[in-house]
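Taken from TrEMBL as is:
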- B:27-46: transmembrane segment (TRANSMEM)
- B:52-71: transmembrane segment (TRANSMEM)
- B:78-95: transmembrane segment (TRANSMEM)
- B:101-123: transmembrane segment (TRANSMEM)
- B:130-149: transmembrane segment (TRANSMEM)
- B:178-194: transmembrane segment (TRANSMEM)
- B:225-245: transmembrane segment (TRANSMEM)
- B:257-277: transmembrane segment (TRANSMEM)
- B:284-306: transmembrane segment (TRANSMEM)
- B:318-334: transmembrane segment (TRANSMEM)
Amino acid sequence: MNSAAPLLAISQVSLAFGGVKALTDVNFKVSKGEVFSIIGPNGAGKTSMLNCISGRYRPNHGSITFKGKEMTSLKPNERSDLGIGRTFQNLALFGHMSVLDNIMVGRHHLLKNNFTTGPLYWVSGAQKEELKHRREVEDIIDFLEISHIRKKQAGTLSYGLRKRVELARAVALKPDLILLDEPMAGMNQEEKEDMARFILDLNEEWGMTVVMIEHDMGVVMGISNRVMVLDFGRKIAEGLPDEIMANEHVKKAYLGEEDELLVEEDAVEEIA
Amino acid sequence: MITLSMRPCGDFRTTYKADTRIFDTRLIQAVAIASVIGLCFAPLVLDAYYLTLFIQISYLAIAALGLNILVGFTGQISLGHGAFFGFGAFASAWFTNSFAIPVWISIPMAGWFTMAVGMLFGLPAARIKGLYLAIATLAAQFIIEDFFARAEWFSGGAYGAAAEPVILFGYAFDSDESFFYIALFALVFMYLWGANLMRSRDGRAFVAVRDHYLSAEIMGINLTWYRLLSFGVSSFYAGIGGALYGHYLGFVSAEGFTLMMSVQFLAMIIIGGLGSVQGALMGTIFIVLLPEVLEAIVGLITHSGLVSAGNVVENLSYFKEMAIGLVIILFLIFEPDGLAHRWKQIKAYWKYYPFAY
């Protein structure tokens, strides 16, 4: 794999649920070190795209390669070993566990102890291993400023904090690529600013490539390197934030007008 | 799993090791160790009846912890735990009788063997959940029960199987006093095993599968494997408990391991507290001692001559069954989180007294 090859390459991905076409021939590439945002109106297929990358959905057509490795048919749990972590749009924490345990679950694929060596805690080296990872998890806790709630039950936390714990859990996977599904939904301005700072730090200091879905255009345009726009499962634009802001298709998709240009293109395709 | 912090003021943890202890404070740890040491002297003081009760609690509590790992921690359901308990008893007797394996080796072997069988019957869990899984495990209960009755090479069929006493260093643990120590050791060992499991990787994975299986999968947890493994670990515990039961009684017969027993294990963990290691022990103590206490009460009433004695004594067994049912219903209504949760609240009450929070 040469340095110019993209970290993540999506080519010709289509996904249909019966007659509903969630995604149609989507192509894009994400290079290492980028902050790549996917935007689009509700129901455009953004989360479906993320689910295809994280393995929850398997696309009907097309391929997804990560670090040059074809992974379209890998199970979700096998993708964490490759270095993909994600957060969810609707909170998906382990509600009855403490915050600390939630984040420690993120270390699952890095830990070696199992159901025989784990119970022999003191003699099998499991304790040493657990404590080593605990130390690293504490770094993440410090970074995301959640040390005051580390012993709290995750299900009892406020929305903004839960979002942050979810991010911490994804970071604990030590991913090269982190997928964030609406990291700022339902947050107030201050929490959004914090979250934007965390994402930038993850990208710049922790070296993670970020693929993010977000509706807050201020944030998207402020922190993304590149932006892709989906509408009705199709990619209608991709480019630098400024280009996207100026794009006619995007404006129409958001304003809900009939996009004559695209309709014409479709008509031409059908005739041909 | 919930670590509500109830530490004394000023008790700060300066190392991660100190922060991950099984017992939250040094005092609780000291009390636990002292009680185990104290129990070592019990055979010198208590008569055989109480020792029998303790031994009974031990092997049932081991099996109950197994079921709690499956039901309470992993969020699955099993109505076949009694059958796995019986399978462990027969397997250990079979190993010693047919292959002349010493009992102290055959007991853990029975555990591993039952684990394999449990994982086989747990295969449906990879696909189905909830009530459907309950029915699938019900099938396991009946298949294994039928197997006991028919496989004479394994269980002795209708005649049952003899189980040798544990012999260590030429000493036979065949009395209540001596088997007490085997039971105590097994209880402590298996509960430490369980507590350590739940604070290491695979234990967390179980709880993650229970709480949110979709995000557990994204975290790198293989759902199929952990659902199966949970059945395996639960059967392992049932097998160990059953093997102890067999070698304690000296004889295993197929009649005891019915659906009723499986339901009783479920009652133990519901009353003790789903998803709590200590809850499994508390629930077992409760279920084992409840009939004893009721019997004592009925005995008192009989002797006081308040009611016509003949009727009460005749109907004693009905009273007990009804009382157990009633207690379970009351528990579900007033303390659905079980004895372990109630215990925590009592501790909190003393700690914060006179304040409510």
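Cβ atoms here come from the backbone N, Cα and C positions, even for glycine.
For the transmembrane segment (B:225-245), the residues of the chain that approach it from at least six positions outside its boundaries are 58-63, 65-67, 69-70, 73-74, 76, 78, 81, 84-92, 106-108, 110-119, 121-123, 125-126, 182-183, 186, 190, 194, 197, 202, 205-206, 209, 216, 252, 257, judged by C-beta separation under 8 angstroms. Counting same-chain residues at least six beyond the ends of the transmembrane segment (B:130-149), those with a Cβ under 8 angstroms from any Cβ of the stretch are 76-80, 82-84, 86-87, 90, 117, 121, 124, 155, 157-158, 254, 257-259, 262. Across B:52-71, B:78-95, B:178-194, B:257-277, the stretch most heavily in contact with the transmembrane segment (B:27-46), judged by Cβ pairs under 8 Å, is B:178-194. In summary, the transmembrane segment (B:178-194) lies against the transmembrane segment (B:52-71): three or more C-beta pairs, each 6 or more positions apart in sequence, are under 8 Å. Beyond the ends of the transmembrane segment (B:257-277), by six or more residues, the same chain brings 1, 60-61, 63-65, 67-68, 71-73, 78-83, 85-87, 89, 138, 141-142, 144-145, 148, 191, 194-195, 198, 207, 210, 242, 283-284, 286-287, 324, 327-328, 331-332, 337-341 to within a C-beta distance below 8 angstroms of the stretch.
Same-chain residues lying 6+ beyond the ends of the transmembrane segment (B:318-334) with a Cβ under 8 Å from its Cβ atoms: 267, 270-271, 287, 290-291, 294-295, 298, 312.
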